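Have a look at the structure below, then the notes.
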Amino acid sequence: MTQSQGQDPRLDTSRTIRAPHGTTLRAKSWLTEAPLRMLMNNLDPDVAEHPHALVVYGGIGRAARNWACFDKIVEVLERLEDDQTLLVQSGKPVGVFPTHKNAPRVLIANSNLVPHWANWEHFNELDKQGLMMYGQMTAGSWIYIGSQGIVQGTYETFVAVAKKHFAGEAKGRWVLTGGLGGMGGAQPLAATMAGFSMIAVECDESRIDYRLRTGYVDKKATTLEEALAIVKESDTPVSVGLLGNAADVFAELVERNITPDVVTDQTSAHDPLNGYLPQGWSMAYAAEMRQQDESTVVKAAKQSMAVQVKAMLELQSRGAATLDYGNNIRQMALEEGVENAFDFPGFVPAYIRPLFCEGIGPFRWAALSGDPEDIYKTDQKVKELIPDNPHLHNWLDMARERIQFQGLPARICWVGLKDRERLGQAFNEMVKNGELKAPIVIGRDHLDSGSVASPNRETEGMMDGSDAVSDWPLLNALLNTAGGATWVSLHHGGGVGMGFSQHSGMVICCDGTEDASARIARVLHNDPATGVMRHADAGYDIAKQCAAQQGLDLPMLNEELSKLK
């Protein structure tokens, strides 16, 4: 595509991208059709936050560096052979090389910077020059499935909050949060599924309206008084999207001596330039200032974050169960002088880490056919293969009833080391015998047990102090490449922003072949096993027990593990 001089090559309002459905291939095999469809699915207007700008979610998390790069990626995937591998560097296709049929068809590296230069200032300079792209986690790795992708993890967190703080009873209680973007938009539905009501503050009215249309939020309010009244008057859990600035609303609740039961936040605070609206600013003024004076925007945003975090700390002191939901807002506040910003915990060490110790995390799959029936059939297969987990069955039932598909039908389902390979093999067999209309792709969030180093989120407070060691996601990516995942990605800065995380992703295509079965056996065992390994190495007993039960070979721990079998 040609761009007129001065036009942003990342913006094209004339295009609407949707993944092909059905069994007619544009590429030469399903192994290359799969990444093609999932790339396009990431930019489906029913999936992406700002598809015309290639932005999928998370501030400026993109699927491709610019539209010329997108077009070239599509062109290459359509011609790629099953013994070739495409290399993608920060959203730009840079090479096609000979490999072999069991190698990944695509290898992706996004947003990676040498540590000394791993900050937003340097990234933004490279981004403006067209030399880099922010891939977030599943945006640049082509496995975003809309807000459903984080619903179950958020649901599991809220269930854990209820168990820990309210004896398992969420009825009559409410959650305060901020942000209704691609990730934050999952919060209202997850909260009501877990039995809580919620007020979610969002400064962009179009995002509230979108969550209303897709069933993720129940009501809209334009004043705090209206939102509080909706929650108070409802006999059942209800979610409210409140139009406003999170810092303003959180501070107003403190001033009015109104204390929610639970307080958290999922604004895009990880990116102070693009992801957080300063107090007193309109959306239009912020957009204008981003073009004129980036440093002023960043400073104003971080000052507002400090106000919000101070309010969260005060609400915590008044009895609210307060948690950071992984957007690095505590770090931003700390940099603005809020010395006790980390006095409330992150959600992973507080509620999720025991799951990670067993390799349990956000396993997800999508139906390349585009037919919802393929997902419903896989839902049933999960129940058949895991019959003794009523909590999981309840999740699948709620998901079918309450979650609208965005783009290609997909499902998120938190399972671990002992189940992922079994499910993958079953799905592959369903493709082989014609139960499913087309292949399934299986992937996950980079927020998983063995695929991320993020000291302010997934690896916060590791018991051996290894929070910042990022060898683990690198090893995870290398092992998934060696095992034959269909595409593998290695990113920096997802979730918490530049300089604060490194993480890897994988996707594998179940095309019904024996070769796929062999790859599934390797990848869907090894991938969660690296999470068990990482946590066992850090000293977690749950992980050691799991490693022993699953027969992992961990040389420095084998003697200890042998006593646990």
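Backbone N, Cα and C atoms are what each Cβ position is placed from, and that goes for glycine too.
Swiss-Prot lists CYS413 with the feature active site, giving sequence analysis as the kind of evidence. What Swiss-Prot lists as NAD(+) binding site is 58-59, GLN136, 182-184, GLU202, ARG207, 245-246, 266-270, 276-277, TYR325, GLY495.
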Cβ neighbour count (within 10 Å, all chains shown) around GLY58 (NAD(+) binding site): 28
When distances run from the Cα of CYS413 (active site) to each of the binding-site residues GLY182, GLU202, SER268, the nearest one: GLY182
Secondary structure at SER268 (NAD(+) binding site), reduced by DSSP to three states: coil
Secondary-structure category, per DSSP, in which CYS413 (active site) falls: strand
Residue, out of the binding-site residues GLY182, GLY495, whose Cβ gathers the largest set of other Cβ atoms within 10 Å: GLY182
DSSP state at GLU202 (NAD(+) binding site), helix/strand/coil: strand
Count of other CB atoms lying within 10 Å of the CB belonging to GLU202 (NAD(+) binding site): 27
Candidate with sparsest Cβ neighbourhood (10 Å radius) among ALA246, CYS413, the listed recorded positions: CYS413
TYR276 (NAD(+) binding site), number of other Cβ atoms within 10 Å: 30
Helix, strand or coil at GLY58 (NAD(+) binding site) [DSSP, three-state]: coil
